[in-house]
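For reference, the structure discussed in these notes is given below.
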Amino acid sequence: MADPATSSPLLDNQEGGEDERGRRGSSTLVQKLIDVEEAKAQMIYSLPMILTNVFYYCIPITSVMFASHLGQLELASATLANSWATVSGFAFMVGLSGSLETLCGQGFGAKRYRMLGIHLQTSCIVSLVFSILITIFWFFTESIFGLLRQDPSISKQAALYMKYQAPGLLAYGFLQNILRFCQTQSIITPLVIFSFVPLVINIGIAYVLVYLSGLGFIGAPIATSISLWIAFLSLGTYVICSEKFKETWTGFSLESFRYIVINLTLSIPSAAMVCLEYWAFEILVFLAGVMPNPEINTSLVAICVNTEAISYMLTYGLSAAASTRVSNELGAGNVKGAKKATSVSVKLSLVLALGVVIVLLIGHDVWVGLFSNSHVIKEEFASLRFFLAASITLDSIQGVLSGVARGCGWQRLVTVINLATFYLIGMPIAAFCGFKLKFYAKGLWIGLICGIFCQSSSLLLMTIFRKWTKLNAATV
């Protein structure tokens, strides 16, 4: 006798129907939680931006790697110089270009295509002026390091490194502006190629200049400068020659000088947004260096800072997607669409952070082993991993919300938030927990978590309650 469960066509159909209803129910549940099409579009957009950011980030890093193999002094000097160049120059240039996320993004959404090219030129003028000022500042690097009680021999070599890396600063500023110009038009796939090729070229140039040309140590920063100029000139040529930009790039114009003040009202706060956060992490490393057992504490905090920075590279793609989607929708007058894009971006940031945290919690021993073989550091890092997981999650959320703010043109308000949350809340708590309560590296990270939590909460409240409006039509 046949089993009814396997012989009845009616039962088979019923089970299939139940399976289909189950699948539809699951699909409906997912769509209630998140707009699938919007999420898919943002993820497709994010990946090229993540790769582009990583490739450009690796250009100066690979040069440092070549210099570091020359000896301990060269390693310390190149690392110090690159860190100082990032916080005092390159980060500032990234911030200045943030004005274009508002101006070009909303201009594109409003279909005022010609203005994108005008704003690009204006931003390049601003970058030119600030790169000159920063370069002059860099020439006093050795004196500044002396005031910061750095080793004299390391300070001298680091200052020499900065001197030869300075020409690349202007190229980097121009490059960031062109990236934002392309980003706001969602022309992003070519950026991966135009960032990867200069990285490969830099590896070759650095090898030749450091090991074969006789330049030695100074060959590394020269390679960085050359590669950044190659990156800028190649991407700039693409923009000028490509048919994709025929409506947004109509040639050089003196009209760009008219918008310098408007640009500065967004670019200066945008640069402050970025730098205030960068500097907070550097302060943690400095505080760790003046604690008891500085070798252990500095190593721990440095590993945590590097881990946070690498995880933020993933967030950067979502931040760029959020900024572009929000600015484009606001420019088109679609506030509802901008808010929907924001909601999706925040949810994706949580998913992304969850993935990074799971990998960190499972593989923390392997990860810290890439930085140090010390048993003590491995044990201490294991005790810090849950604190690091919290900061990565909060940083992912604030990264996306900061992108939304740039798309909306709220840079000035975010600057105030970052200043208050990091320097009036986060850093004092870090110092108190680290020194007074003797939590040391763990105390510093507790303070950072408090700062990022307040920052994320403030940005979220601002996003929810602030009125969403596009910029004046005459501006974009």
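All positions are counted from 1 along the displayed chain.
Cβ coordinates are placed from backbone N, Cα and C, and glycine is handled just like the others.
Looking at 142-161, 382-401, the range tied to transmembrane segment in TrEMBL is 382-401.
By the Cβ criterion (under 8 Å, sequence separation of 6 or more), the transmembrane segment (443-465) is in contact with the transmembrane segment (382-401), since 3+ such pairs are found. Contact between the transmembrane segment (50-71) and the transmembrane segment (382-401) is absent: fewer than three CB pairs lie under 8 Å, with pairs separated by 6 or more positions in sequence. Contact count against the transmembrane segment (260-280) (Cβ pairs under 8 Å) is highest for 83-104, out of 83-104, 116-140, 191-212, 300-323, 344-362. Among residues of the same chain six or more beyond the transmembrane segment (382-401), those with a C-beta under 8 A of the stretch's C-beta atoms are 300, 304, 307-308, 311-312, 314-316, 318-319, 322, 345-346, 348-350, 352-354, 356-357, 360-361, 364-365, 368, 441-442, 445-446, 448-449, 452-453, 455-456, 459-460, 463. Note on the transmembrane segment (116-140): residues 85, 88-89, 92-93, 96-97, 99-100, 103-104, 107-108, 162-163, 166, 169-170, 173-174, 176-178, 180-181, 184-185, 245, 248-253, 255-257, 259-260, 262-264, 267 of its chain, located 6 or more positions outside it, place their CB under 8 angstroms from a CB of the stretch.
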